[in-house]
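> First the structure, then my questions, so here it is.
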Amino acid sequence: MYASREDIEYDFGDDSKVRSKPIKPNPNIDGGWAWMIVLSSFFVHILIMGSQMALGILNMEWLEEFNQSRGLTAWVSSLSMGITLIVGPFIGLFISMCGCRTTAIIGGILNALGWILSAYAANVHYLFLTFGVTAGIGSGMVYLPAVVMVGQYFQKRRALAQGLSTTGTGFGAFLMTALLKYLCAEFGWRNAMFIQGAISLNLCVCGALMRPLSPKDLREKYVVRSDSEENRAKALSHSTETVKSNGVLGEEPEKKEEAANEEVLGSVQHIEIGGKSGSGRSMYGLRLFKTVSQLTVTVRKGFALWYSSYFGAASLFTNRVFVAFVIWALFAYSSFVIPFIHLPEIVKQYNLSRQDNVFPLTSIIAIVHIFGKVILGIISDLPCISTWNVFLMANFTLVTCILTLPLMQTYLGLAVVCALIGFSSGYFSLMPVVTEDLVGTKHLANAYGIIICANGISALFGPPFAGWIYDITQKYDFSFYIAGLLYMVGIIFLVIQPCIQKKQPREKSTEEAQV
């Protein structure tokens, strides 16, 4: 019924070379330091995503402090969550130039600075800049490298590794909610944000653990992956040649770029050697010039890779399945965020506050969400199971729950639906795996940056849109129905496009045979 992962893969050149020569795999791939990367990513999800899911505590404090409308105050949290994901494509540029480790460390400092500066806020608009923008950008600079590094260090157990690391979101929701409640009660919300800023500096430690793989290690990973998928590579050889003919896999521009860069650095080195007999001041100037030249070459190379991924001949948007994936992401994330924002009000309207205070429905979603990520990751890593099919089935389950949630008016019915929402939304751990299967490891950072950017747009406008629908109809039912129908449209794109992608090469080969 569904296309398999092999059917949807779009070759960007990472797996096109199939070598038969056995190479001893790096012990750090799928083992060793790879599990430290998982631990680092786990704490990143606790400190970033967990904190954002607990912002309701601070939102109540801001309402009392600044006495502004609920809609205006809610944009502080919405901006922080949305910008964290929206800046993904631009963070890909930093990763291309500086690497994941440096990007994450800078992001950790920026995130902590946003929390600390927000402690001195005089109004809500100040929080838009300090917490919404500054802390949001910092969060994005740490979140994307945390996801990309797990994808680089794992080959056979990528889904499980991503599932384990992203369970930090559920754990963080519990830990940060309890922590912020305690800090606000004991020290006030301003001191609580100051302390949280100090805690966020641990993101720099998480970034320091993101030890980059050497180019040799990455090549060995590609070889192992190619050997294990030789049949798939042969099956896709025709489409690969087509992509090459369109210039997607052309390596000549890259070689020319590298030759030009080497020529620049070589000339600088020649000048430096020739000037050794000069004064110390001249030598200092030459060294400074060499450093600037190396930095310029690094920036040019990183920007060229980033620009070609989005706008050049090797643009990711030439992959139609990836475009369908982006369209899906524009509608999907809001269906997960809307229940977290509006369920408390729904419970109040149904007079279920007493039961909800004992065990909140949002807590049910968060708890089951943890198990959903791990279990779906384990299932996806089974040899006989397609990650793509698991991903689609989880999406169908989630959209069904969103559409049926307004029909439930008892606590038990709502609890069952919320549990299913939490479990099926565990597909978030599969998103990096599916993205890597679509575009390859080389383009993972930029591609996943686009996906989380689309998710950020969905998170930014989804909850306010649901509130606007409520203001018109005085019911939340239509908010869930509209969000669910838009989500279904995105899923249909995911189902149809791979079938079209698979059908086109067959039609072309038939025409060639007739000729």
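Heads up, the Cβ atoms here are built off N, Cα and C, so glycines get one too.
Grabbed the feature section from TrEMBL, which reads as follows:
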type     : residues : note
TRANSMEM : 33-55    : transmembrane segment
DOMAIN   : 37-502   : domain 'Major facilitator superfamily (MFS) profile'
TRANSMEM : 75-95    : transmembrane segment
TRANSMEM : 102-120  : transmembrane segment
TRANSMEM : 126-148  : transmembrane segment
TRANSMEM : 160-180  : transmembrane segment
TRANSMEM : 192-210  : transmembrane segment
REGION   : 235-255  : region 'Disordered'
TRANSMEM : 321-341  : transmembrane segment
TRANSMEM : 361-379  : transmembrane segment
TRANSMEM : 386-405  : transmembrane segment
TRANSMEM : 411-434  : transmembrane segment
TRANSMEM : 446-466  : transmembrane segment
TRANSMEM : 478-496  : transmembrane segment
> Do the transmembrane segment (102-120) and the transmembrane segment (192-210) come together with 3 or more C-beta pairs under 8 Å, pairs six or more apart in sequence?
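Judged by the Cβ rule, the two regions touch, with the required three close pairs present.
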> Spell out yes or no: are there three or more C-beta pairs under 8 angstroms between the transmembrane segment (361-379) and the transmembrane segment (446-466), with each pair 6 or more apart in sequence?
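These two segments do not touch.
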> Counting only residues 6 or more past its boundaries, what in the same chain has a CB within less than 8 Å of a CB in the transmembrane segment (386-405)?
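Here the qualifying positions are 2-8, 159, 328, 332, 335-336, 338-339, 372, 376, 379-380, 414, 417-418, 420-421, 423-427, 430-431, 433-434, 437, 480-481, 483-485, 487-488, 491, 494-495, 498.
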> Honestly, do the transmembrane segment (192-210) and the transmembrane segment (75-95) touch, with at least three Cβ pairs under 8 Å and pairs 6 or more apart in sequence?
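With fewer than 3 qualifying Cβ pairs, these stretches do not touch.
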> Check for me, if you would, whether the transmembrane segment (446-466) reaches the transmembrane segment (126-148) - at least 3 Cβ pairs under 8 Å, residues 6 or more apart in sequence.
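Contact between the transmembrane segment (446-466) and the transmembrane segment (126-148): present.
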> Who are the long-range neighbours of the transmembrane segment (75-95) in its own chain, taking Cβ under 8 Å and residues 6 or more past its ends?
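Non-local partners: 48, 52, 55-56, 58-59, 62, 102-103, 106-107, 124, 127-128, 131-133, 135-137, 139-141, 143-145, 148, 302-303, 306, 309-310, 333, 337, 445-446, 448-453, 455-457, 459-461, 463-464.
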